[in-house]
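Pulled from TrEMBL, these are the features on record:
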- A:420-467: region 'Disordered' (REGION)
- A:460-717: domain 'UvrD-like helicase ATP-binding' (DOMAIN)
- A:Ala481, A:Gly482, A:Pro483, A:Gly484, A:Ala485, A:Gly486, A:Lys487, A:Thr488: ATP binding site (BINDING)
- A:718-943: domain 'UvrD-like helicase C-terminal' (DOMAIN)
Amino acid sequence: MLIADLHIHSSYSRATAKTLNPENLWLAAQRKGIGLLGTGDFTHPVWLQELEQKLVETGDGAYELNPESARALAAEVPGPCRAPVRFLLSGEISTIYKRHGVTRKVHSLILAPDFAAARRINARLDRLGNITSDGRPILGLDTRDLLELCLDEAPEVIFIPAHIWTPWFSLFGSKSGFDALEECFDDLSGHIHALETGLSSDPAMNWRLSALDRYKLVSNSDAHSPAKLAREANLLTCEPTYPALAHALSSPGGEGLAGTLEFFPHEGKYHLDGHRKCGVRLEPSETRELGGLCPVCGKPLTVGVLSRVEDLADRPEGYLPPNAPNFESIVPLNEVVGEVMQRGPATKGVTQAVEQLLAEVGPELFILRQAPLEELERVGGPVLSEAVRRMRAGEVVLEGGFDGEFGVVKLFTPQEREQLKGQGSLWREAPSTRRQLKKKALTKPEPAPPLLSLAESTGDRLNPEQQQAVAHRGAPLIVRAGPGAGKTRVLVARAAGLVEEGAAPGRVLMITFTRKAAEEMAGRLAGEHPAAALVKVSTFHALGREILAQALGRELVILGETERAALIKELAARFELRPSWAELTLTRLKQQVHPEPEAEIAPLWQAYESALAERGALDLDDLVRRAALALEESADLAHTWGARFDHVLVDEYQDSNQAQVSLLKFLLAGGASLAAIGDPDQAIYGFRGASREGFLRFAQDFPGAMGIGLTRNYRNGEAILQAAQGLLASDPDPGRLSLSAQAGPGVKPVWAELTSPKAEAAWVAAKIVELTGGLDSRQVERGDAGELAPRDIAVLYRLHAQAAPLAQALAQAGIPFQVAGQEPLAETDPLDFKAQRVSLMSMHAAKGLEFAAVFVVGVEEGLLPYQPPNGEPADLGEERRLLYVAMTRAGQSLFLSRAKARSLFGVGGPRAASPLLGDIPTGALRTERVVSRRRARQIDLFA
DNA sequence: TCGGGCAGTCTTTTT
DNA sequence: GACTGCCCGA
């Protein structure tokens, strides 16, 4: 019989023993009696490298410690324990992602057939996330997609959902799992053959689900230290090779896998239900009676494994399937001896006694399972043999674990201990009074924010104003819509409505400002109505390009951004002008169809234009302007494009500039209808020639215009909206709409002041861990868990230069993230577009997006409003709107923060809070006092 | 013609 | 703080 423990961790995983290296694993495996051991953490490149150096292949994907090391270490293995140890490459991956609107956190055990396959899988994972920060990496990837990736790289991969019943991180977990395996793995469900039952459940509990009949049940230790190896394990009758194991775990018959060694499930940390903080432990029936709520704090209970099994079970307790594999419940030897000696399982005396047993009897699992009781009595005394007998017979006293608290298994009653006292060699040790473990006072966690509806609008129905905007026909329409008012929804519904009324979809034009917005819009249109998918969606730039290409009869040569900068730099030097100023000024000029360059720029303007002409090239800004010019110059062209569309819709109208409006007028010349939507309070592209005034001038540009206001905000909690609207009040506008929050009161935005950008980044990372409900179980067990997925969270900054420390802190915390606009450096993976991560992006880039939680960092003087060194004075109004945009991205939670000192472009020193902060009404924010970590540790020590 | 040293510069974005 | 471009000496 071969004992296999396939799920362990290395020292490269969080909260694991530093001694977890190949040599110590080899030693520990023999002491336990394990013949086949997973290496753990093969996804960690450094660990994998160490394994490659220290292990040699024995053929068929199994490895052993190199002979030199084995010889050198042999003396350290107690004689009766010496036996061969084979390794298989194993690892665990944590996926955290949103599926069907619910945050899912699932752990998967993966066995790779050989080093080459492990490296292939790692190469793919490396492109999708951070696999170096932790031996058990966290990826924002759907578990199904992870399986697909593994199958792509190694079709023979063994993929096992890990500890399937634990509440926080598992396939069937009550907090973030699924009700059926197929919900998780979809079309790839057939590739799953085995399930890991975890410490808190045993096979008997799993047999109660007929849905699991077709799966092999395996048990592993998930050890974080050598001592915990094989606390659960598998009994194999097959050869110690990868293919043999793969066969044993997938063959429909029983061959190969004879059974498992199990914890008493009660001893697991999540067997029963309850609240650790409230001291409430409940049986499943009690939980049901209480409606799942804690009788002390009233919040939802942490529902444990037993409850969860009962919820999904379709068979009664005690059901025994035909040909049920065997399983044995065991208690770790140091716990057995600890109880015999009335000492803690990790105390010196117990350790010595265990050592003696290993040296005289054999490996731990042999002692627990097979050693003759007489022999145990001879070495350890009658109490020990009686303890082991009871364990083998299942005569134990159990106290179920709950909400992260381990359960207790007792072999003796106190009276028995008295009676047995004084007998046997192990018993001679004087019992010490058990020290009461002093529990650290838990910091009181903040109340969990009430979940707000993030729905963009009220279900399927449009509100009356939205409806009016959709149904309006005739005169040009301008819709002024605050954040979260359902702009996109109105545009999509309007376009679809026009098509349904009989408009030819190809003659309906939807204009956006970015390609991303265009793509999203096209997707939404396709979802709304099959014919609406044919509506033309384009950016102003793409449209200009199309018009110009037609006018010129050829494809355009467009000067790249770097070439343009180089050219301007060259010319600026010739005319003794600052290149950055020249670039900006040229761009601004080109936002008009007929620019009038002022004297200072005129020579450069002319030189630049002739340089372009010489190359037969255009720059980006030319696309719209030149298209408008071409339409002015050619009546034919103007006629063609004036008749091209029957309906034109424009998104984000506050971003349009004079050249774009001019182009728009040409498109409407043949009588097409116009509907524009936007929010002048979100005009943040003044540097590109767009101004809020352009929006307010709509009625002059398009006479007879009809205006509609959308005032119901479906995105932000009321507290967030109030703070944001308060900010704007410093910039009065009689036309401004007063918005009403539909999503409930929500919680106040948080304001925090940190000492440095690094401290600020660390604070953000810690908050994100909280919001996602912890990324590992230790974090989860600390308190109330948030339920956001990484993709629900964004960190917004004024300058890209702020991204670096944030990225570093998030990487360190193992949070999947992406920095917008600087991805193409690394090779992209086909699964990249599906990966879900925390977004780090500029406030500008965040316009039009929404997130459940938003961090606005660097709310500091000089940074917001940004004051460029020796540049023009900042446009306070525009920067205020920028902060407004940033704040209104947040649905549930908004965090504003600053560093008290920051060095920007080399100049360091203290920095005040942003003057814009003073525009937010006092009381609209909740200031969070942040204690630095060093200080916090001191307080902790003296408490 | 090379390279070391020094001064000047540093947003936000569109195909 | 990091990069570029320019000047100057060898």
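Just so it is clear, glycine is given a Cβ too, placed from its N, Cα and C backbone atoms.
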Around the Cβ of A:Gly484 (ATP binding site), the count of other Cβ atoms that are within 10 Å: 26
A:Lys487 (ATP binding site), number of other Cβ atoms within 10 Å: 23
Across the domain 'UvrD-like helicase ATP-binding' (A:460-717), average pLDDT on the 0 to 100 scale: 91
Assigned element (helix, strand, coil) containing A:Lys487 (ATP binding site), judged by DSSP: helix
Nonlocal neighbours by CB distance (under 8 Å) for A:Ala481 (ATP binding site), same chain, sequence gap 6 or more: A:Lys487, A:Val490, A:Ile677, A:Gly678, A:Asp679, A:Gly709, A:Leu710
DSSP-derived structure type at A:Ala481 (ATP binding site), helix or strand or else coil: strand
Same-chain residues at least 6 apart in sequence whose Cβ lies under 8 Å from A:Pro483 (ATP binding site): A:Asp679, A:Gln682, A:Asn713, A:Arg715, A:Asn716, A:Ala724, A:Leu739, A:Val885, A:Thr888, A:Arg889
Number of other Cβ atoms within 10 Å of the Cβ of A:Gly486 (ATP binding site) across all protein chains: 25
